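Novice: Structure below; questions to follow.
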Amino acid sequence: MKRHLPFVVVAGWGALNGVLLAVLAVYGESSMVFWLWGGAVVLLALVALAVLAACRSGPDQHVRYRVPDRGAGAVVPAAFGLLLVALAFVYGLWLLALAGPLLLVAVALAVRGTTAREE
Amino acid sequence: MTVTPPTAKAVTGGRPVPPSGWLGWVTSTDHKRIGVLTVGTSLVLLLAMGILALTMRAQLAQPEQQLVDTHTFNQLFTIHGSGMIYMVVTPFAIGMGVYLVPLQIGAPGIAMPRLTLLGYWLYALGAAVMLAGFATPLGAHADGWFSYPPMADSIHSPGAGSDLWIAGVFLATTGTIVMGWTVLWTVLRKRTHGMTMLRLPLFSWSMIATCLMVIGAFPALLAALGLLAVGRADPSIFDHNVWNIGYQHLFWFYGHPVVYVMFFPYLAAVAEVLAVFSGRRFFGYQGTVLSLLVFAALSMSVWGHHMFATGQAANDYYSLTSIALLVPAGVEYFSMLGTIAGGRLRFAPPMLFALAFIPQFLIGGLTGIMVGTPVIDYHVTDSYFVVAHLHYVLFAGSAFGLFAAVYFWFPKVTGVMLGHRLGRLHFWLLVIGANLTFLPMFALGYLGMPRRVSTYAAFEGFGWLNLLSSIGAAFLAAGVILFAVNVLWTLRKRTLGRAEKAPDDPWGGHTLEWATSSPPPRLNFTPEHPVPPVTSFAPLLDLRQRQEVTAVDRSPS
Amino acid sequence: MRQRHIFGEVFTLESIIAGVVFVVVVAVFVYALIGRRAGRQVTASQRAERPRLEAYYVGVLAAFSVFLVAWTAWQNHREHQTAAGPPVRVDVSSFQWCWSFNYPQAPDRRTVSGSCRGDDLPTLVVPTGRPVQLRLTSRDVIHSLWVPHLRYKMDAFPHHVNTFTLTLDKEGRWRGKCAEFCGERHRTMHFWIKAVSPDEYDRWLQDQPGGGQGAAV
């Protein structure tokens, strides 16, 4: 139980949402609302399951950590690539022709593991 | 890379980080750098959004003024509101979590650091895209921060500014969701040895509640923006009422939880400051933790109180859940008041801001019960009463928590002390300014002044209350300028090596971040600054108390 | 004016409660500020919690919120009870940026509108003492009909009709406004609501239509 407390917190919180949603059903609302909030409750249940899986596979508290930084150089080109994708919806899909190569650069950097030296 | 955080006995170590070039900053996977980037970006945007607000207050100071035309005014309130909520107060709150949570739980880094960095970049680029709207021919988006269709469709709001607003808010919110995920995962799964869930500092607990709301509710905003984007391509979908009212549900399903995302981290920062400067453990820890979780769950159920006047919402239910919020809120006040009423108070600048939070946020909370009551809300919704209420919550409340946090953690983050004298002046200007600006707005709304009007007629009698409010805004401007000067001057002095160096623990802190050096090394703890034994939610306080006991035992009686 | 009266009762009670809570909190706050400052050589309490006291306190809060929820919900229902007797019906149509009021019960199905520029505001004429049912819709974007004096507003949606009932118990003329942001001339989208005696109303309703005289009563 102690080891699974993170799961209990997330699952309990999702369940509390479910209870409040059930109360709303008593009052009645448009069906869209139940899809919306029901979807959120399902999402939270999935989060709880992910936390449960993580809790079962490792200790609750840590003495050893992974601090990954391989390929961090890919983040900035990836973000600018996504920016161009978003702007393509404003200024036309031709921007995807620019976004594509940029995202490919990001993938290449990630695969190569390029990271700026922080020391 | 795999590391072991040093405990008192271990000899494996972190590496110290000398300041390096800009590339080291913008691609850093160090949670502290990502946190500083996020918080710094949102503080710069805070100044910009403040300038927009001051322009509006200048125009509204007297009736029938036309400093800017109506269309420009509409852009100002839209970008001020959107900017403050999407790009300042929310990201600052999450950014604090990115910086502080790994330190508070004794971890050497954040979970998924590269994803966190991506989150920051999406947020920063999103903010730039939204603001770029001002450079388009028809100007920035001009339909308020909640942008209901059909008003926001391409027929009634033409121009690329609105499209850029959608793209920018979408990017920034995606970034916020990503950061919310990594902070939540960190606090749940990266705690150091001894840091059980019930020994988490209050701030870290508040980030659990906050990030759960981010994960559960923020995707609804992405859906709402998607609906708006579709509607801008094909406005005929808004010929169906279901999409108009549906947008409001989608939007407010995000739009109310975000209010608590902009509240809990600041409340918890205030709680930590109150405890430290009261020289005692925070009072009623377990009750507060529980109340935060209940508060967060209830906050997912209250969104419809923004729609009381639509005639298409289950008003009784949303009123029930909104009023029920007074129970967890009351528990939090019980704990805050209990902490200071049994404390030994020291009035340093962080404490001043934290103390002012208590009565000022209370005004926002009590009027919140009023606007949560349908019978009252019918009259005051969409009026200046609501403007006053939300600014008491977000400015007189959260922004005071924000400044308390900045003064409190500045020494830890930068390694130098922020000027106390300017800090006090900043505080008093802000207290006068906040109350003088926002208190008259309650009366204005009650008397019938709608929000989002670019000016008002002289015969309506709103003149002198608006004048008071605008004078208050001048005090706010002066206070925030002093704050900016204080920060920039202190950082300049640090560069010159003349600033007052901050010790590891300048305030007598309770939580693990005060056990390491100021600023903390790359991996947070080193053999010289090991993670102390975690014995409760205030491990450093325990340590001091044990040392005192030992000292008393050893002294000859 | 049921809305105004109910608003008055609820607002007064909640203001008093809010005032009392505020005074109590500030009293504790000021005690701490003065009595517990470090300069007075006090020592910080070691007591980490008072679960019993807190439990009672939560009980009081919960009971109080139950009262508040129930009482305000009851007031809300009282406000929306439909009055006895057939109502006077007015179809209100809002548009960018003015209002039009249609009286389907008038022999000529009278419509009153205006441009909302300068003093050209349309007037909604209603009889005193009789329930008036407003059927509210919009021709373009969402607007909101707000009469501050009546302490009530309701949103007007396109492709949807919202209905509410007003009863005015004294004669007079008050200003109404659009409360939902609707674009460029949102701030001048005003109208007049004018309550006249039932006799005068009937006379006005039976009047032959003539160049906008309805607006000028």
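Note: Cβ is positioned from N, Cα and C throughout, glycine not excepted.
So TrEMBL says this about it:
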type: DOMAIN; residues: B:25-535; note: domain 'Cytochrome oxidase subunit I profile'
type: REGION; residues: B:499-531; note: region 'Disordered'
type: TRANSMEM; residues: B:34-56; note: transmembrane segment
type: TRANSMEM; residues: B:76-100; note: transmembrane segment
type: TRANSMEM; residues: B:120-140; note: transmembrane segment
type: TRANSMEM; residues: B:164-188; note: transmembrane segment
type: TRANSMEM; residues: B:200-231; note: transmembrane segment
type: TRANSMEM; residues: B:251-277; note: transmembrane segment
type: TRANSMEM; residues: B:289-308; note: transmembrane segment
type: TRANSMEM; residues: B:320-340; note: transmembrane segment
type: TRANSMEM; residues: B:352-372; note: transmembrane segment
type: TRANSMEM; residues: B:392-410; note: transmembrane segment
type: TRANSMEM; residues: B:422-447; note: transmembrane segment
type: TRANSMEM; residues: B:467-491; note: transmembrane segment
Novice: When only pairs 6 or more apart in sequence are counted, do the transmembrane segment (B:200-231) and the transmembrane segment (B:320-340) reach 3 or more Cβ pairs under 8 Å?
Specialist: no
Novice: Quickly jot the same-chain residues contacting the transmembrane segment (B:76-100) by Cβ under 8 Å, restricted to those at least six beyond its ends, or write none.
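Specialist: Counting only partners 6 or more residues beyond its ends, the transmembrane segment (B:76-100) has Cβ contacts under 8 Å with 31-32, 34-39, 41-43, 45-46, 48-49, 52-53, 55-56, 68, 110, 116, 120, 123, 126-127, 130-131, 133-134, 140-145, 147, 165, 169, 172-173, 175-176, 179-180, 182-183, 203-204, 207, 210-211, 214, 258, 261-262, 264-266, 269, 394, 398-399, 402, 405, 409, 413, 452, 513.
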Novice: With pairs closer than 6 in sequence left out, are the transmembrane segment (B:164-188) and the transmembrane segment (B:251-277) joined by 3 or more CB pairs under 8 Å?
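Specialist: No, the stretches stay apart by this measure.
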Novice: Please work out the helix, strand and coil residue numbers for the region 'Disordered' (B:499-531) from the DSSP assignment.
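Specialist: Going by DSSP assignments, the region 'Disordered' (B:499-531) contains 4 helix, 1 strand, 28 coil.
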Novice: Out of B:392-410, B:422-447, B:467-491, what stretch is closest in contact terms to the transmembrane segment (B:352-372), meaning most Cβ pairs under 8 angstroms?
Specialist: B:392-410
Novice: Tell me, roughly as an integer, the mean pLDDT over the domain 'Cytochrome oxidase subunit I profile' (B:25-535).
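Specialist: 95, rounded to a whole number.
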